[in-house]
Each structure stands twice: as C-alpha cells, then as structure tokens.
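Worksheet: the structure to be examined is printed underneath.
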Amino acid sequence: MEQARALLQGKTVTIMGLGVHGGSCAAACFCAEAGARLTVTDLRNADALTPSLKRLRAYPSIRFTLGEHRLEDFENAHVVIKNPIVKGAHNIYLSAAQRAGARIETDISLFLRLSPAPLLAVSGSKGKSSTASALCYSLRALGFPAFLGGNSTVSPLEFVRHTTPATPVVLELSSWQLADLRAVDAQDHTVHHAGLLRPEIAIMTPIMADHQNWYADMESYVADKQVLYAHQGTHDTLLCNADDGWGPRFACEAQKNGVRVFWYTAQSPETACRACTPRLMERALWRATDGTYWARFAEGDRACMLIPPQLHVPGRVLQTQVASAALAALLFAQRHSLPPSSCPPCFCAHSHSPAYANHASPPDYACPSAHSPFQEHTRRLAQALESYTGIEHRLEFFYEKGGLRFYNDSASTVPEATIAALEAFDESVVLIVGGTDKNADYQPLAQAAAKAHALYLLAGSATARLQPLLHAAQVPFYGPFTSLEVLLQDLRARQKSPGVIVFSPGAASFELFAHEFERGTTFKSQVRIIFE
C-alpha cells in the first residue's frame with residue numbers, strides 16, 4: 001500500500017459512478033484505505049446501490065452525492081476515478097475536472113500503475129470471460145499463483161497488494177475499459193510514456209457487431225479493441241483468431257511493432273489458410289477432425305498435440321477458447337519457468353499427425369524428450385483441463401431432470417453468440433432467446449433458429465425486431481413471454497421427450513433484469529423450481 005499512499009494520501013478523490021458490479025466499489029475501498037479524501041457520486045439513488053453502499057459502511061469518512069452529479073465534486077478533485085459505463089466524450093463533469101487540473105483514472109489504470117505483476121490480457125467481443133477464466137485456470141494448473149480480474153470479474157484493486165513479479169495477472173478488458181486506458185494515456189504527455197497497458201501475452205477473441213447502440217460505427221468499436229496490443233513490443237505475444245475477419249488486420253498492425261503473432265482456429269489448417277494467408281500456420285493452434293488441438297511454434301516446426309479430446313466444455317467455440325488459453329499459459333511458462341533452450345510443448349514425445357507434421361524440426365526446436373520440462377508442463381495442463389467445465393452463464397450445464405439437460409448461456413448478448421450455442425450441440429435443442437436490442441443484425445439468428453427443435457421467445461425490444469424475421473423465414477415459435485417463470489411453465493407443459501434446453505438470449509437484459517448475470521441466476525433458480 002505504500003505506493004498507493006504516495007499516489008492518493010491526502011488527495012481529494014471523486015469516484016464517478018458507483019454501480020453494483022464491484023469495480024468502483026473496490027476503487028472506493030482502495031482509496032479510502034490509502035488515505036484519500038473521498039467523494040462517491042452516482043446518478044442513481046441509494047436504493048438502487050444498496051449492495052455497494054452496504055460494503056462502504058466500513059468507511060465512514062466517505063462522502064456521498066447520490067441521485068445527481070455536482071460540478072464542485074469534480075472541480076475540487078485532484079483525481080477522478082470513472083466507472084467504465086460513464087462516457088468520457090463530451091462529459092461536462094469530466095471536462096470540468098480536467099480544466100481544474102484533475103487526473104482521470106479508472107480502477108484498471110490504477111492497478112497498472114501500482115502492480116509489479118506480469119500481465120496477460122484478453123479482449124474481443126464474445127468469449128472474453130471464458131478465455132480469461134480458462135487462462136487463469138491453466139496458469140494455476142501449471143503452478144503459477146495467478147489472479148483474474150477486470151470485466152465481469154473482480155476489480156484488480158481487490159488483490160493488487162498481493163501481486164508480485166511472481167504472480168501473473170489475467171485481465172479481461174471490455175472495449176469501454178480499453179477506451180478509458182487510451183484516454184488515461186493521453187494525459188501523459190511525457191516523451192517516455194509508453195502506455196500503461198503492455199501485456200506480455202494478449203488474446204483477441206472474435207470481433208462481432210456489439211455495443212452498436214453505444215458506438216457510432218464498427219470502426220470506432222474496433223479502434224478501442226486495438227488498445228489491447230497497441231503498446232506491445234518485440235518481447236510480447238498476440239494470439240489472433242484466424243476465423244475472424246478482423247484477425248489479419250490485428251496481426252499486421254502488431255507485427256509492425258515486432259510483436260510475435262500466434263494464430264488460433266477452430267478449423268483445420270488447410271481451411272484456415274484458405275481464409276487468411278498462405279503462411280498462416282507458421283505459428284498456430286488448430287483443431288483436428290478428431291477434436292484434438294495441435295500447435296506449431298515456428299516455420300518448419302513439427303506440429304505437436306497440445307490438447308487431447310477429453311474437454312468437457314460443449315462445442316468447438318468454447319473448446320477453442322480453452323485451447324487458446326492453454327497455449328497462452330504454456331507460452332508464459334516457457335518464458336518464466338523454463339530455460340531459453342527448452343522445446344515447444346508436445347503432448348507426448350515425438351507425437352505428430354502425418355497430415356500436419358511432415359516438417360523436420362529446425363535445430364533450435366528439436367523434438368522434446370519424454371522428460372523435458374515443457375513436456376511435463378503440457379502433460380500436467382492437459383490432465384487438468386480434462387476436469388475443466390467452464391464458467392457460470394457461458395453454456396453452463398447446471399441441471400438435469402427426467403432426461404432434460406439445461407444449459408445457461410445468459411452471457412450471450414449478441415446474436416452470433418446464440419448461433420454459436422446452437423452449433424455447440426450435435427442434437428437439435430430447445431432454444432430460448434430474446435431481450436433488449438443493441439442495434440444488432442438479427443437476420444442470421446432468424447435463419448439459424450430453424451435448426452432448433454423448438455423456439456421460445458422472451459419479450460424485449462430485440463425480440464420485437466426478431467419476430468418479423470422469424471415469420472419471414474417461416475420459423476415457428478412460442479411467445480413472446482414477459483417473464484421467465486411463465487415461459488418455463490409453458491415449456492414444461494409442452495416438452496414431453498428428453499432433450500437439451502438452452503437459454504441463449506442473443507440480446508441484452510435491461511428491460512426485465514438488472515444485467516445478464518441476474519438474468520442467468522433467475523433462469524437457473526426458476527428451472528430448479530419448475531422442473532423439480
């Protein structure tokens with residue numbers, strides 16, 4: 001805490017946007033403990049902020065301005081810590097703070113200033129949480145005391161005091177958090193400022209048309225995502241998705257800065273190569289037809305099996321996310337715990353597929369012996385991943401009764417994620433979709449919904465846009481229902497045979513729920529009550 005006290009003690013700090021997800025609450029606790037003179041302000045009233053306010057009762061010195069913002073709280077501040085959901089552009093309060101000489105920070109920027117930990121970061125549109133969680137799990141399986149923080153998880157300020165150069169930190173970063181970091185960097189006008197965010201290893205998951213009710217266009221959305229690797233350099237690594245149309249652009253930009261790029265794909269290398277560039281598979285991870293994942297670490301290198309086929313997460317999309325996380329963890333282990341001459345990972349000594357591994361290993365990548373350190377890392381990780389079942393709200397299998405298996409995919413807030421959920425199962429599923437519109441394109445979902453055994457709609461502005469598209473595609477559906485309880489009661493009355501029930505809304509949650517996590521928790525509790 002000494003660094004934090006030096007930065008904050010005696011300073012007047014305003015936290016803008018308390019919220020209930022924990023990030024600003026953690027920042028408030030952190031600043032109070034560091035000796036700041038703290039004001040917390042939020043446009044919502046106390047009733048809407050009860051969980052956060054309850055925690056902050058332990059700090060009686062905090063002053064609150066609720067139900068409004070006041071200019072004096074910003075004009076008199078040395079530091080303003082903004083919630084990511086607060087738009088920075090054309091904000092009169094943030095502008096007033098900056099004119100008065102205040103610094104604008106976030107919980108992420110404070111963490112990056114204060115933590116000595118090696119950093120791994122994940123962004124993209126969908127799959128961020130699954131990939132980041134699998135990455136932290138993989139690092140821990142390899143023996144690293146890793147931490148996980150950022151978007152949809154705990155604020156890294158919760159654990160910053162426990163970080164050291166030996167404790168890797170995985171940050172999941174949204175486009176809003178990345179945009180804030182660019183704005184924070186812009187305040188540092190010194191010649192030597194190189195950007196706060198410089199992860200040793202970064203993973204970019206596929207880009208989809210998300211948050212288009214917030215951004216002017218896709219280019220501005222993607223520009224924020226590019227902050228993930230903007231300050232990486234020659235000793236850093238970026239994993240790009242070869243199945244994503246934005247992947248080649250990200251790779252090209254990163255390589256201009258000397259960043260080492262690895263590709264990963266849910267396809268065979270031949271298919272991925274046709275989709276991208278002829279030299280795509282020089283350093284890459286891909287999926288074979290038997291469900292195993294293979295990796296090549298340099299041009300001409302022998303391909304090695306990285307992940308065996310015993311993954312328990314459903315579908316190739318989730319499995320590829322886990323595999324990319326495993327690759328990142330092994331690359332980190334190679335850099336931090338193995339001698340420079342160690343070989344790339346290989347699931348078993350001299351294992352290679354005749355179709356993919358007909359290249360001789362170059363001298364600096366001799367095939368590892370059965371007892372090489374990297375060999376042991378890979379074996380240990382492969383064994384650990386056999387019991388990995390994913391995370392809550394992401395195609396989460398949570399209940400089975402009378403031959404019905406229930407999956408909660410409430411974190412699906414764009415149509416593409418729901419399409420991926422449909423494709424995760426070999427059998428036709430009962431699909432529940434619908435929610436709040438984010439200016440997304442629902443035409444592909446209307447076409448894909450024809451694959452469902454039955455389709456149920458949950459009411460919302462996105463559902464209202466989806467319905468005519470379903471009619472045009474001649475896809476029958478039940479609903480829309482204005483509550484999950486009524487929807488599930490109707491589903492139970494109609495569903496007479498065993499099968500898979502998937503709740504994958506493909507839209508935001510705000511008309512019926514506070515957020516997607518409350519939506520998923522409600523779904524799980526109602527299923528257990530109604531189908532008991």
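Including glycine, each Cβ sits where the backbone N, Cα and C put it.
Remember, TrEMBL labels are computer predictions, not curated facts.
Note that the coordinates shown come from a computational prediction; the quantities given were computed from them, not determined experimentally.
Per TrEMBL, domain 'Mur ligase central' is recorded for 122-270.
Feature annotation from TrEMBL assigns ATP binding site to GLY124, SER125, LYS126, GLY127, LYS128, SER129, SER130. In sequence order, THR131, ILE203, MET204, THR205, PRO206, ILE207, LYS225, ASN241 constitute the residues six or more apart from GLY124 (ATP binding site) in its chain with CB-CB distances below 8 Å. DSSP assigns GLY124 (ATP binding site) to coil in the three-state reduction, outside any helix or strand.
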Next item on the list: Using a 10 Å cut-off, grab the number of neighbouring Cβ atoms around the Cβ of SER129 (ATP binding site), all chains included.
Entry: 23
Next item on the list: Give the sequence-ordered set of same-chain residues, not counting GLY124, SER125, LYS126, GLY127, LYS128, SER129, SER130, with Cβ within 8 Å of the centre of the Cβ atoms defining the ATP site.
Entry: VAL122, THR131, THR205, PRO206, GLN321
Item checked: Under 8 Å by Cβ from GLY127 (ATP binding site), same chain, sequence gap 6 or more -> THR205, PRO206, VAL317, LEU318, GLN321
Checklist line | Rounded mean pLDDT for the residues that make up the domain 'Mur ligase central' (122-270) | finding: 88
Margin query: What's the number of neighbouring CB atoms sitting within 10 A of the CB on SER130 (ATP binding site)?
Written below: 24
